[in-house]
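Taken verbatim from Swiss-Prot:
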type: BINDING; residues: CYS106, CYS111, CYS134, CYS137; note: Zn(2+) binding site
Amino acid sequence: MKRELKVKPIENGTVIDHISGSKALKVYKILNIEEKLPITLALNVPSKKGVTKDILKIEGLELSKDDVNKIALISPDATINIIKEGKVIKKFKVDIPKRIDGIIKCTNPNCITNKENIESRFSIEQKNTLKIRCEYCEKFINSIIISK
């Protein structure tokens, strides 16, 4: 007999669904979630589209705009569900913004943002194959380093 493990729905908080396969741990790390918050993490769950996805449920957490932008950079197809009293009150797909301030670190060691106390600023030049350019040193970055 096949047994299924059922995960209890959250009452108040956030569900991040359709996270690209195996990226939920990265999303979890960049959100700096308080240790005491109940969290459910599902990895490599089959989706209706025939691919795998990850799901992250966080009881008692409301995401900031910066949090949503960070998620969009890691998993551009993710969906955010805001839950209140056990019901979805808001659902939206993340969207990579045209400009990102202060949440990514420039990989150019000579960039002024790495030498002085200046907030980083990046332009998103291309969304489908992510191209991000530092507005200070003009360098395109290949790897995303979340700065806070």
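Just so it is clear, glycine is given a Cβ too, placed from its N, Cα and C backbone atoms.
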Cβ within 8 angstroms of the Cβ centroid of CYS106, CYS111, CYS134, CYS137: which residues besides those meet this for the Zn(2+) site? THR107, ASN108, ASN110, ILE112, THR113, ASN114, SER120, TYR136, GLU138, LYS139, ILE141
What is the Cβ neighbour count of CYS134 (Zn(2+) binding site) at a 10 Å cut-off, with all protein chains included? 21
Please classify the secondary structure at CYS106 (Zn(2+) binding site) using three-state DSSP. coil
